[in-house]
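Undergrad: Below: one structure in structure tokens.
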Amino acid sequence: MATKIIFFTVNGRPEKAEFPGDCPAQDVKDLFRSAAEAGPHDILKLYNPKGNITNISPGLEPNSSSCCYKLEVVAADCNSEPLGAELAGALGFDLSSMEKRLQGLEKRILTEAGDAPAVVYEMKKQVDSFREKLESVEHLSWLGLFKDLSEGTHKPSPFYHKRTLHKTRKECEHVREKFLQMSSLEVSEEVRQYLKTPTFDNWQWEDAEIMVLLQVMYTDLDFIAAFNIEPAVLHHFLFEVYRRYNNIPFHNFKHCFCVTQMMYGLIWLTDLKSKMDSEDLLIMLTSAVCHDLDHAGYNNAYQINARTELALRYNDISPLENHHCAIAFEILEKTESNIFRNLSMNQYKRIREGIIKCILATDMTRHNDILNKFKSILTAFDFTNKEHREVLMMILIKVSDISNEARPMEVAEPWLDCLLQEFYNQSDVEKLEGLPVTPFMDRDKVNKPSSQTGFIRFVLLPLFIELANLFPCLEQHIIHPVRKALDYYTEMEKALEREKVIRAQTQCPADSLTD
């Protein structure tokens, strides 16, 4: 059997696949998956030179390097079990029944007419195509079918994994039981000290354990005693927070923990306990815990451009951050989860006001205004000045929110993968819905190193350096690691550019031979 040679591109990079004509279909798919450097659960889409989606199979038509197929990694899938049949059922389709009926009709036509008319082959092609789409693509908005499912209690996540956007009751109860079983256990002194450092590795801890660690933070900062927080109420508050973070790649409960843990570490590293009162510290820690509640994976630009319910409700003014605040105080309005229920009216008013200011400060459209205000008061910073403290609190939650690159690379890099997955998903949806595409989220224009070098150089370092100007001790803890991260991604970017040049050079002789 003769071999086939298929020329295609992956993210603009030329590739060539060679396989026998009788090669198993799965082997062909694995070949393309390898070329795309995609994971075992990533979803691949192949476009023929005319721009139409085509099946990755041994039946691909051979081509030349001047007329390439285009391969895209659409999304990552975090689970292994197929969802196609489940979604087909939700949409009211029974693919097996359709196939059996089609096969029966085909046999009758062949028996009676001796040959199947073209319309039957076209029907069969459409069924096969529809099956492929259902089995390989879990986000169905591009089929025009997804939005009809959104009214259900557990609507599918806007991402390509198979968990619902909101946590299921079963999922929550399982984690809650584990948390309550563990909540009375004593956490070792070694872990308590490790929890105070920016090098803490969140990937080692399950959700129930993370809730225990959050409980440790409230305890070791003396909030339990200072604000008369009953243990059962704290447990319920932490569980409700866990429940209201969604199953999305980045802005999830683990991100909530990372931001809170960095805030906690900064409080200890800068000795803020001796410089600010307990109410300010409680505001900062609780703001970090609640800062992304019920995030659905689409940023403010999408909310505004898509005219979502949140954008309409908050008049395009920080719709996400306002929503996070609203969910936080929705949790705190319930007596059983109100960790502030034993505070005086004046204390509660001050803490509520502080939490709202801190969470709203995480809107990146306000970044320059907040940073410039901080720089203007830095030389004469006064911890007894209320306005100065409020600006510092906003800076601290901003630093904590985007602090992943201050962590060890083995902790930080997986977070970047999660963030890019969420970004790429949004830009895919923006393209499908005809909305303006957010440039730094476009999978056709952004890769891992290019997404970080500019962000670190122009956003992270200027922010972190100003905070270190007030607290020089932070130089070694957050500035040095971020500079190392910048060097790492700069080298990665250069390596990719060199590889691109080499590929282009090797492609030129091949083109001249075919021409």
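Cβ atoms here come from the backbone N, Cα and C positions, even for glycine.
Heads up, here are the entries from TrEMBL:
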- His251: active site, proton donor (ACT_SITE)
- His251, Asn252, Phe253, Lys254, His255, Asp292, Asp401, Gln452: AMP binding site (BINDING)
- His255, His291, Asp292, Asp401: Zn(2+) 1 binding site (BINDING)
- Asp292: Zn(2+) 2 binding site (BINDING)
- 172-496: domain 'PDEase' (DOMAIN)
Undergrad: So which one is it: of the binding-site residues Asp292, Asp401, which has the fewest other Cβ atoms within 10 Å?
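TA: The binding-site residues Asp292, Asp401 were compared, and Asp401 has the fewest Cβ atoms within 10 Å.
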Undergrad: Drop a 10 Å sphere on every Cβ of the recorded positions His251, Lys254, His255, His291 and tell me which sphere holds the fewest other Cβ atoms.
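TA: Relative to the other recorded positions in His251, Lys254, His255, His291, Lys254 has the fewest Cβ atoms within 10 Å.
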Undergrad: May I ask for the distance between His251 (active site, proton donor) and His291 (Zn(2+) 1 binding site), taken between their Cα atoms and rounded to an integer number of Å?
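TA: Per the Cα atoms, His251 (active site, proton donor) and His291 (Zn(2+) 1 binding site) stand 10 Å apart.
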Undergrad: Compile a sequence-ordered list of residues in the same chain as Phe253 (AMP binding site), six or more apart from it, whose Cβ lies below 8 A from its Cβ; state 'none' when nothing qualifies.
TA: Asp207, Ile210, Val241, Tyr242, Tyr245
Undergrad: Do any residues at least six apart in sequence from Gln452 (AMP binding site), in the same chain, have a Cβ closer than 8 Å to its Cβ, and if so which, in order?
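TA: Gln452 (AMP binding site) has long-range Cβ partners Glu405, Leu416, Ala485, Leu486, Tyr489.
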Undergrad: Identify all same-chain residues not among His255, His291, Asp292, Asp401 whose C-beta atom falls within 8 angstroms of the centroid of the Zn(2+) 1 site's C-beta atoms; report them in sequence order.
TA: His251, Cys256, Val259, Ala288, His295, Thr362
Undergrad: AMP site residues His251, Asn252, Phe253, Lys254, His255, Asp292, Asp401, Gln452: biggest Cα-Cα distance, Å?
TA: 23
Undergrad: Looking only at C-alpha atoms, tell me how far His291 (Zn(2+) 1 binding site) is from Asp401 (AMP binding site), rounded to the nearest Å.
TA: 9
Undergrad: Measure from the Cβ of Asn252 (AMP binding site) and count the other Cβ atoms within 10 Å, all protein chains considered.
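TA: Excluding its own Cβ, the number within 10 Å is 18.
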